Amino acid sequence: MARSGASRLRGGLGIAALCYVGIDYLRRVSPSWHATLQPKLWLVLALAAICRAPFYPHWSTELRSVLPFLGSLLFMLVALALEATSVHFVTALLGLDWHRTALPLPDTGQWLFLALNEKLPTVVVQVLRAPLIGLHHYLMLFLMLAFSVLFDCVKAPGLGLGARYMFTMAVGRLLRVITFLSTILPSARPWCASARFEIPNHPHPWLQKYYVPYASDLNMIRQLLREDMSNAPIGDYPAEIIPEWGRMKFLVNILRPSSAALSGDGTSWFSTLKRTGGGCNDLIYSGHMLVAVLTAMAWTEAYPGWTSAGIWFLVLHSTQREIRERHHYSVDCIVAIYVGILLWRTINLFWSAKDQSKTFRLEQLAQIEGRLVQAAKDADLEKVREMLYELNNPVQGQNPTKRALWGFAAVVIIFSLGIGLLAFTLTADG
């Protein structure tokens, strides 16, 4: 009977995920239905988590995952801040004139989808074009997966799963920064930088010396190869604008604000950085696709089945939309897919929390083995249950009180729901 109930709960996670994606898509086809159903769905999911929390038997296990979770969260936030700064830097470095004139790279994926538009039935093309899922959907799908530990849909601890997800995301973002800083590629949307960035038209002084003289003059390139020194004359460019940003003045050389971006309160560095968004260069590899792949990998590992297969279908759908709509070149999406898969698998080899938990439980079992055998001989089932519960919910060091666990549970639920609401709000526009 208990197993049947657990099976129904496990099946319910897939249905909840499908309902979430389907109801959110209604904003495109029926905004009135979306406005009615989405708040109700969120309310039902939140109430279900809150009502289930008091009966969750693994809070002590979750408690041991708090430090890795908080450490991974901090690591991810630092990585995202570095990425946002780097994204602005690669756009500001070359100036708006370069972005307006640089031609997009030839992309066989774009050509393929244009050709398929002519060959496939209209209904299929419309499905391929449809914005079925976005960045915030993948983040919410992972949050639902992590919360499902409350219903025994996936193995505890949920905070441990969240810590690994954020740690892998941070590593992926740092690798992405290294990659797109190495070689600057033109955007597939040449108008993007002019529409979104307030930076000078001319290139950075560093590029005025080391890039511009050799960008198009073949003789200068040959001379550079012979001498391996930059001896070309530097053109006449406007002086760089240096605003009063106080302690953040070191960002001037990175963000390169124009006069329109200046303000007198000394805080315009933040408003300048906020305009970065997803950037206006081709940033190899795709950050959106990295999030999608890591979410799919987490579902595949923790909750295999038809739902995971459906999420992988949505990942492929997102891939072709990124290429079709020229948010990324094909290579960006392809690289993001195999980098995401390899990162998830590789970090799993070094993610020691699971192995430490097994080792600790084996040590605990060895300590209570004699008492467990004696209780079994005495047919003391209550004692056996108590010892097995302690074994399955270990906490190293002093055992927390029930009041402490309840307080911890309340903090985790409120904090997690807050993160979910914040992530949904900040990423709802893609």
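The backbone N, Cα and C atoms fix where each Cβ goes, and this holds for glycine too.
Panel annotation: around the transmembrane segment (66-96), residues 159-160, 162-167, 169-171, 173-174, 176-177, 180-181, 184, 193-194, 197, 199-204, 206-207, 251, 254-256, 272-273, 275-276, 278-281, 283, 287, 353, 408 of the same chain, lying at least six beyond its termini, place a Cβ under 8 Å from a Cβ of the stretch. Positions annotated as transmembrane segment by TrEMBL: 66-96 (among others).
The transmembrane segment annotation in TrEMBL covers 135-154 (among others).
Taken from TrEMBL, the feature domain 'Sphingomyelin synthase-like' covers 279-346.
Per TrEMBL, the feature transmembrane segment maps to 291-316 (among others).
Outside the transmembrane segment (328-347) by six or more residues, the chain places 105, 107-110, 164, 167-168, 171-172, 175, 185, 188, 282-290, 292-294, 297-298, 301, 315, 319, 322 with a CB less than 8 A from a CB of the stretch. Under the heading transmembrane segment, TrEMBL lists 328-347 (among others).
As annotated by TrEMBL, transmembrane segment applies to 404-426 (among others).
Each residue of the domain 'Sphingomyelin synthase-like' (279-346) gets a DSSP state, and the totals for helix, strand and coil are 52 helix, 1 strand, 15 coil.
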